[in-house]
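According to TrEMBL:
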type: TRANSMEM; residues: 31-55; note: transmembrane segment
type: DOMAIN; residues: 37-487; note: domain 'Major facilitator superfamily (MFS) profile'
type: TRANSMEM; residues: 90-109; note: transmembrane segment
type: TRANSMEM; residues: 121-140; note: transmembrane segment
type: TRANSMEM; residues: 146-165; note: transmembrane segment
type: TRANSMEM; residues: 186-209; note: transmembrane segment
type: TRANSMEM; residues: 215-236; note: transmembrane segment
type: TRANSMEM; residues: 280-303; note: transmembrane segment
type: TRANSMEM; residues: 323-343; note: transmembrane segment
type: TRANSMEM; residues: 364-381; note: transmembrane segment
type: TRANSMEM; residues: 387-412; note: transmembrane segment
type: TRANSMEM; residues: 463-482; note: transmembrane segment
type: TRANSMEM; residues: 523-545; note: transmembrane segment
Amino acid sequence: MSTSTAAGSLASQPAFLSKERIIAKPGFNRWLVPPAALAIHLCIGMAYGFSVFWLPLSKALGVTAPVACAPDMSFIAQVFSSQCDWPISMLGWIYTLFFIFLGCSAAVWGGWLEHAGPRKAGVVSALCWCGGLLISALGIYTHQIWLMWLGSGVIGGIGLGLGYISPVSTLIKWFPDKRGMATGMAIMGFGGGAMVGAPLAAALMGHFAGPDGVGVWQSFLVMAAIYFVFMIGGALSYRVPPTGWKPEGWTAPAKKAANAMITQRHVHVSVAWKTPQFALVWLVLCLNVSAGIGILGMASPLLQEVFAGKLLGNDLTFSQLDAAQLAQIAAIAAGFTGLLSLFNIGGRFFWASFSDYLGRKNTYFVFFALGFALYALVPNLGHLGNVSLFVAAFCIILSMYGGGFATVPAYLADLFGTQMVGAIHGRLLTAWAAAGVLGPVLVNYLREYQLSIGVERAAAYDITLYILAGLLVLGFICNLLVRPVADKYFMTDAQLAAEQALGHDKGADASTSLEWKAAPGSLPLTVAAWLAVGIPLLWGVWVTVQKTAVLFH
């Protein structure tokens, strides 16, 4: 009898990866959820640091120097050839595929994530991202670049998208009183992933490299194993609050003119993307990101070409510098790039947290107004030779670039409610894909055009920076036009109940309070969880700080 009862009890248990299985019990400490999200974001954030592999992979066969392909070899032949090394231009397609499939997968499977829950999405993300690294390792070992495109670019890109949006809805529901700060903590991890992963990859390649190889495929295997442990740990640590939960003592603000932009109702994802608010916020994100992403990719040559000899205390132009001087300013520019990375990460947490007090719409007003002033001022700072103010301006610009990513999930939750904010955010990330094309094209091609018509390198970015300032004016106007969502777009009570049933959302038992404080005994586990993600992140920050030190010598 007892055996059959136990069997029946096991059969009635929700599936291990299901959303029902991870509904939190009273006393659960909500501060355990951000480190779970960080564990995933720090791993997939290595997508930003993949350029550390390009140079070694460009001489994977030659080891000390690239084995050139025959001049008459076609592109398709190079894709399948194992007799010559890959040019960096072919390797760079992995980076492009990352963000194409990040945006597409987040848009396509965002609705599934809301129903399946963050644990299942996190596990699928880990399998895709780490499995993609394994396929890429095979591609390097057999010298087939199409396997790298498929593994890291396509399959890994899908893992990127699912991992990126997996914690958004959950964090916003756990922190209704600190929406911006909660999402800022997680998305900060995505920006910091390369700061941890790139030096780790460099150390692994240094360990495995030898006379017969550059050590990249072995590094991919080790990183896949490390990332899998962290990502699965993060995914299994996710918990969702019961429907209606709120922090003890917290009361949702009553709707009034001061916070009319924050709704307590919910819009379905199938309706949200048809609203004018979605289109406007899409443009807000796209324009803010376009301005920052192009500069981030060209930060090193920009500093070198604008200041050239002034970085070394002389007045030589870039073309007048000798090889030793070029190496010196390249090291200084690398420090500049590292400093921008720190502000990109810090801005994600600072601006998203600040938006909890200032309001999301007002925060974007700051991004666009201050950003416009800085972009318009930077060319003059360059011509004046003021390196310090030039660097400071770009640090603030890049902090707002990161802040734009981290603040937008809370902006969406304010406008459309929390029920399907993860799915809505997934569709909005197509703006990132568009910005990933628009920003670099503007910066790179306009620079090439300016140089081709005889403009000096020191002035080659002026027109581009003024155009980027113009994009921010458009963003300011779009943000100004955002209004509260009309009543006709919100779900009725019956529609909301049906969606909650599809999403396996459950309230607490009748005898259980929907308000609670964290159990005192949860503190050691919470500290351990934060240390598990905090120590690698601080190590990455320390390595980056050491690299930036050259900028100040």
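Don't overthink the numbers, they just go from 1 along the chain as shown.
Keep in mind that glycine also has a Cβ here, set from the backbone N, Cα and C atoms.
Automated prediction, rather than curation, is the source of TrEMBL annotations.
Worth saying up front: this structure is predicted, and the values here are computed from it rather than measured.
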Region pair the transmembrane segment (31-55) / the transmembrane segment (121-140), three or more CB pairs under 8 Å
yes
For the transmembrane segment (121-140), the distant same-chain contacts (Cβ-Cβ under 8 Å, at least six residues beyond its ends) come to 17, 40, 43-44, 57, 60, 109, 112-113, 146-148, 150-160, 162-163, 165-166, 216-218, 220-221, 223-225, 227-228, 231-232, 234-236, 238
What is the average pLDDT across the domain 'Major facilitator superfamily (MFS) profile' (37-487)?
90
Under 8 Å Cβ-Cβ from the transmembrane segment (364-381), and at least six residues away from its ends along the same chain, one finds 284, 288, 291, 351, 358, 389-390, 393-394, 396-397, 400, 403-404, 407, 411, 459, 461-462, 465-466, 468-469, 472-473, 475-476, 479-480
Okay, the transmembrane segment (323-343) and the transmembrane segment (387-412): do they have at least three CB pairs under 8 Å, pairs separated by 6 or more?
yes
